[in-house]
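Okay, structure first, notes after.
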Amino acid sequence: MNVGSNSVGNHLVDIHEVLHEEEEDKEENSNNTTNMADKADTRFNRPTRNREIKRPPRKFSRQVSLETGFSVLNGETSKDKNDRKVLGRSGKSFGGFSVNGTTGLEAKNKGDFNMFRTKSTLARQSSKLPLRKESGIDIQNSNAKGELDDHVKKSVPAGRYFDALRGPELDQVKDSEDILLPKDEKWPFLLRFPIGCFGICLGLSSQAILWRSLALSPVTKFLHVPLFVNFAIWLLAVGVLVAVFITYMFKCALYFEAIKREYFHPVRVNFFCAPWIVCMFLAIGAPPKTAPGMLHPSIWCIFMAPIFFLNLKIYGQWLSGGKRRLCKVANPSSHLSVIGNFVGAILAAKVGWKEPGKFLWSIGFAHYLVVFVTLYQRLPTSEALPKELHPVYSMFIATPAAASLAWGAIYDDFDGLARTCYFISLFLYLSLVVRPNFFTGFRFSVAWWSYTFPMTTVSIATIKYAEEVPSFITKALALALSFMSTTMVCILFVSTLLHAFVWKTLFPNDLAIAITKKRYSKDKKPLMKRWTKHSPLSFVTSMGKHNSGDKDGGSDEEK
């Protein structure tokens, strides 16, 4: 708006349309030449431009801080800046964004579990389509959701699990860590169903083999153990295996992203061998009336093929020396991937294939030595094993016991090498029995089942040794170890039923699958960048300080 006056004294007012910043700049550039030409004539009668007219606010198009974004989304104005809501870092949906576009304030009330759902082909194709966004906040939300998807889809480094988790099975999140899902909300059942549930099947199926040996062995013939006990336990183990396997298949179909998290977990990756080990246990411990004297070799091929391919994957990572090398991911549950070779060797001898059994035995024994030395030899710079991890020591006794049984099954003789492996397992067993404090003060969980089959394996090996060296001591030792393993299985079975159907605490939230790929400090917001407005003077001042610092640094370097 220009204001001028004429000779008569009347004031003339020119009203112009208020232009946006870009249009106004163009107009000024176009009128530059005209103003320069008329500069001399208008020097004494210059129209004054009214600078008090306020320009319309710019569109919200740059990235905003986490607080500001929530304030705009909630429709807050500048008057209630003091009432802004800040997202707390208390284990809620990480970063305040979910895949559905909900804000962190809404995610506090309801967790979004779709981030771990199996992505369909249609959803993947639709996600690649260009999105039309009308505001900068929508673009920011999409960027945040994209980064959140990266946290879920990309593999988590092995060392990250050890840094963020604790507990006997690395299943408890440290207090200083943040997770992708809410801690104070009950998750869907399939997300709370871990692969460690196959440990229940390991304990029951190995008990079927034990009671078959007690019923058929000449050493324990005086006990008159009926084969019906073996048949009942075998049926129970088959029923539990079918239930657990079907449930986990549903989890694979609906929450495949969670399955990937478990596969990259340094402890749980070994439990992917457990279903097939259980199947081989059931084939070995099948009642005589239901199983023929010689099993068909196809049974061995079906059950051993998944374990063999997992061995290629796991042992290849140990050998390649990458981020998942053995010295970095070694833990007592690593014995589980080795035990599969010895159990496969026993089943190979049972189907009449002795040479494949020898091949598997040699692979298992070579990697057992490597794992045993890696876990047994702890450098002074290594951290001491925390108390929560003491129960996993029972895994040490299962591998040599299974190796002795496999050698005796392949060569039909419990000779010197088989006895050597058995003595190793017996010594490790006794070294744990004399330390009862190692197994006290821990909460019950499904993972405890995986510690029962090592006791059962040593009991079966003791029965075989007593058959070769019959005496009162060997018979008493076989009965004592068998009684201890059976008692432990009964206690865990009753506890499992109570926690599942009475207290309903058997499957808590599986926090191990919800950790982030990287660790962020509490004062750092990972998914949003904070932008602050600086005046031109402060910007120039900061640049001057920066340049002066560079000059000083350069002078110091030259000196």
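Cβ coordinates come from backbone N, Cα and C, glycine included.
What TrEMBL records for this protein:
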{"type": "REGION", "residues": "21-62", "note": "region 'Disordered'"}
{"type": "COMPBIAS", "residues": "38-55", "note": "compositional bias 'Basic and acidic residues'"}
{"type": "TRANSMEM", "residues": "189-211", "note": "transmembrane segment"}
{"type": "TRANSMEM", "residues": "231-250", "note": "transmembrane segment"}
{"type": "TRANSMEM", "residues": "271-288", "note": "transmembrane segment"}
{"type": "TRANSMEM", "residues": "294-315", "note": "transmembrane segment"}
{"type": "TRANSMEM", "residues": "336-353", "note": "transmembrane segment"}
{"type": "TRANSMEM", "residues": "359-379", "note": "transmembrane segment"}
{"type": "TRANSMEM", "residues": "391-410", "note": "transmembrane segment"}
{"type": "TRANSMEM", "residues": "416-434", "note": "transmembrane segment"}
{"type": "TRANSMEM", "residues": "446-466", "note": "transmembrane segment"}
{"type": "TRANSMEM", "residues": "478-502", "note": "transmembrane segment"}
{"type": "REGION", "residues": "539-559", "note": "region 'Disordered'"}
{"type": "COMPBIAS", "residues": "547-559", "note": "compositional bias 'Basic and acidic residues'"}
**Fill in**
Given 271-288, 359-379, 446-466, the one sharing the most C-beta pairs under 8 Å with the transmembrane segment (416-434) is 446-466
**Prompt:** Going along the chain, which residues at least six beyond the ends of the transmembrane segment (391-410) come within the CB cut-off of under 8 Å?
**Reply:** 168-169, 331-333, 335-336, 338-339, 342-343, 345-346, 348-350, 354, 357-358, 360-361, 364-365, 368, 371-372, 375, 417-422, 424-425, 428-429, 432, 438-439, 442, 448, 450-451, 453-455, 457-458, 460-461, 464
**Message:** Using a cut-off of under 8 Å between C-beta atoms, tell me which stretch among 189-211, 231-250, 294-315, 359-379 contacts the transmembrane segment (478-502) the most.
**Reply:** 189-211
**Top partner of the transmembrane segment (271-288) among 189-211, 231-250, 446-466 - counted as Cβ pairs under 8 Å** = 189-211
**Message:** Under 8 angstroms, Cβ to Cβ: which one of 231-250, 359-379, 446-466 has the largest number of such pairs with the transmembrane segment (189-211)?
**Reply:** 446-466
**Request:** For the transmembrane segment (231-250), could you work out the same-chain residues 6 or more beyond its ends whose Cβ comes under 8 Å from its Cβ atoms?
**Result:** 190, 193, 195, 197-198, 200-201, 204-205, 207-208, 211, 275, 278-279, 281-282, 285-287, 289-290
